[in-house]
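Database features (TrEMBL):
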- 85-232: domain 'Pyrrolo-quinoline quinone repeat' (DOMAIN)
Amino acid sequence: GQSFVLSIFGFQAPLAALDAATGKTIRTYKDTNATEEVIASEGVLFLLVNDAPMNYNEYRPATNNIGQAKSRVEKEWPWDKRPRHIMAIRADTGETLWSKDYRIVPLTLAADKNAVYFHNGEKILRLNRNNGDQLWASEPISRLSAIPTKFGPTLVVYEDVVLFAGGDRSMTALSAKTGKTLWTAEHLRGGHNSPEDLLVVDDLVWSGAIAGGKDSGVFTGRDLYTGEVKNQFAPDVQTYWFHHRCYRAKATDRWL
């Protein structure tokens with residue numbers, strides 16, 4: 001089929017599909033104004049849409065000090081906990097399959113060939129990807145009490161396991177089929193003013209103490225199904241005093 005790129009052209013503009021070769025707009029998806037997140041899975045787009053009006057005047061800079069500006073944003077615009085629409089749309093035609101309202105923690109929307117998953121602020125939910133109906137809800141899974149704009153929890157679906165780290169130094173593994181907790185463990189401190197790392201490579205769940213120069217730099221790999229520590233390694237260079245760059249770390253099947 002035709003290759004295309006998904007984008008929005010404004011905070012409150014609809015989602016559009018652009019021809020990957022020419023950049024020309026192929027289609028605009030109906031009722032998708034203010035799309036905040038997009039998950040593409042098996043030919044379907046799962047969107048997180050926020051139709052609450054935005055007051056752009058509130059976002060005008062009040063200081064030229066980056067630290068003060070960051071602190072202001074953290075205090076004044078954390079996650080608002082309002083419900084959003086989850087929309088399921090056929091990527092190739094724009095047909096809306098379903099739309100449901102749920103409260104969703106930022107950056108936790110995920111999907112695989114079987115279902116849709118997210119954290120609602122208290123629990124992780126699994127939805128039927130064909131109609132949006134809830135299939136299960138986990139027991140309460142902890143997270144940061146306030147989610148600032150600089151941060152978002154991490155939810156990963158890998159094979160038949162759902163993994164979650166909410167910024168409170170713990171991570172949890174659930175059965176994707178039942179929602180039952182498989183294990184919980186320490187989630188090591190990574191990133192800086194950004195989402196943190198939860199990496200899965202060859203059935204090992206990795207996190208690293210790499211947020212700053214005072215951290216050990218040790219990466220720990222845990223068994224996907226039990227949480228047992230299977231591998232650890234320290235950096236082979238002297239760690240520098242500075243903090244991690246302001247984005248997630250990267251990984252391949254050979255390198256972290």
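Each residue, glycine too, has its Cβ placed from N, Cα and C.
Keep in mind it's a predicted model, so treat the numbers as computed, not measured.
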Discussion item. What does the DSSP secondary structure composition of the domain 'Pyrrolo-quinoline quinone repeat' (85-232) look like, as residue counts for helix, strand and coil?
Written reply: 0 helix, 69 strand, 79 coil
Item to complete: Restricting to the domain 'Pyrrolo-quinoline quinone repeat' (85-232), report the mean pLDDT as a whole number.
Response: 97
